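Chemist: Please find one structure pasted underneath; my questions will follow.
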Amino acid sequence: MSDKNTDLTKIQSSVIQLLRFPLIVLVIFVHMLPFELKKMKWSLQGYDIYNNITELISHYIGRLPVPCFFLFSGYFFFIKVSEWNASIYFSKLKKRIKTLLIPYLIWNILHILTVYLKNLIFYQFGKGWDEGYHEIRTLPLYDLLWGRPINYPLWYLRDLIVMMILTPFYYYYYKYTKIYGLMLSLMIYLLVLESNIPGLSTTAIFYFGLGSFMALSGRNMLAFSIRYSKVAIIMAVIALGMTSYYTGSHFYEYCMRIFIVFGVIVMLFLGYKLYKYEKLKNTLIALTSSVFFIYALHTIYILGWLKGGWLKTPLSTSYSGKLLGYFLIPFICIGMIFLLYRLMKRFCPKILSLMIGNR
């Protein structure tokens, strides 16, 4: 391997590391809005300005983090794999029990316990049961821990666990089909051919597979993104415009997936640009260790209560105040969780390590 390729491999690793924190910030912005899509209207009216900005971030750009995380996971799983056998497979799966399965169960069970505790306390003060409590009482255990799951951002972790189990398939699939297999997977993804089986989303299958393919074929993802950055930016902007135009129609998801494919390439390229700023790079990489904790905890009442609290302030009566809250609340949420993370790291590091999978 040439010195240039070695340097680019090291840079790629750092770029992926520094992207993790900005990507989780985007995930929190996604959860600032309901899942319902709203049509964007380009005018200078207060509502339209608020709606356009929030929709663009939460429902468009916000679709990029999860594919990126699947891509990174697939790549790093296979990056040093030159052969495949049962020993390698079960060795890697054993590690994932600690890094994926145990945290997945802990955070879903913690969510259930927190909902129970919150409702029992509030009931003592004359408050009624909330929606989360009714879900826990009525939904089967399968839905609480897997089908939904109850801590709904963890659907990504659920799908990732399934992808890890299926890694022998990825290894042999790309070993024999190579680029043609990738094109078939891309076609299935772009055609939105979903099985609706929990754990087998085409987003997980394609992007984890893409990362697997890049690693197994010895390709550098960062080199690819740099080389095709201009084309990717142009295509992402065009696809974004089409997605906005077709919001609410049958064609929306098709356009969105085209945008995501090019958007992921652009995201890697933006990470490369951020890498050149030494202080910013070091800060973002230093924050990486808290990413999983923020990801798993933010929807357990914290973000919801912050949004509800903002709605009770006079600022929420104007669209400028709503927009201010939209940008402030995620960072307040992150700040609170990060403080808890630091406290746990200092006073109960072993418990924290178990909760975040020894990250």
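Glycine residues also receive a Cβ, built from the backbone N, Cα and C atoms like all the rest.
Since we're looking at a predicted model, the values are computed, not measured.
Quick paste of what TrEMBL says about this protein:
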type	residues	note
DOMAIN	16-333	domain 'Acyltransferase 3'
TRANSMEM	18-37	transmembrane segment
TRANSMEM	57-78	transmembrane segment
TRANSMEM	99-117	transmembrane segment
TRANSMEM	155-173	transmembrane segment
TRANSMEM	180-198	transmembrane segment
TRANSMEM	204-224	transmembrane segment
TRANSMEM	231-248	transmembrane segment
TRANSMEM	254-272	transmembrane segment
TRANSMEM	284-303	transmembrane segment
TRANSMEM	323-341	transmembrane segment
Chemist: Other than its close neighbours in sequence, what residues sit by the transmembrane segment (284-303), given a CB gap under 8 Å and a spacing of at least six beyond its ends?
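Modeler: Those are 14, 17-22, 24, 27-28, 31-32, 103, 107, 110-111, 114, 118, 151-154, 274, 329-330, 333-334, 336-338, 340-341, 352, 355-357, 359, in sequence order.
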Chemist: Are the transmembrane segment (204-224) and the transmembrane segment (155-173) near each other by the rule of at least 3 C-beta pairs under 8 angstroms (pairs 6 or more apart)?
Modeler: yes
Chemist: If you average pLDDT over the domain 'Acyltransferase 3' (16-333), what do you get?
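Modeler: For the domain 'Acyltransferase 3' (16-333), the model's average pLDDT rounds to 97.
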Chemist: Which listed range (180-198, 204-224, 231-248, 254-272, 323-341) shows the maximal number of Cβ pairs under 8 Å with respect to the transmembrane segment (57-78)?
Modeler: 204-224
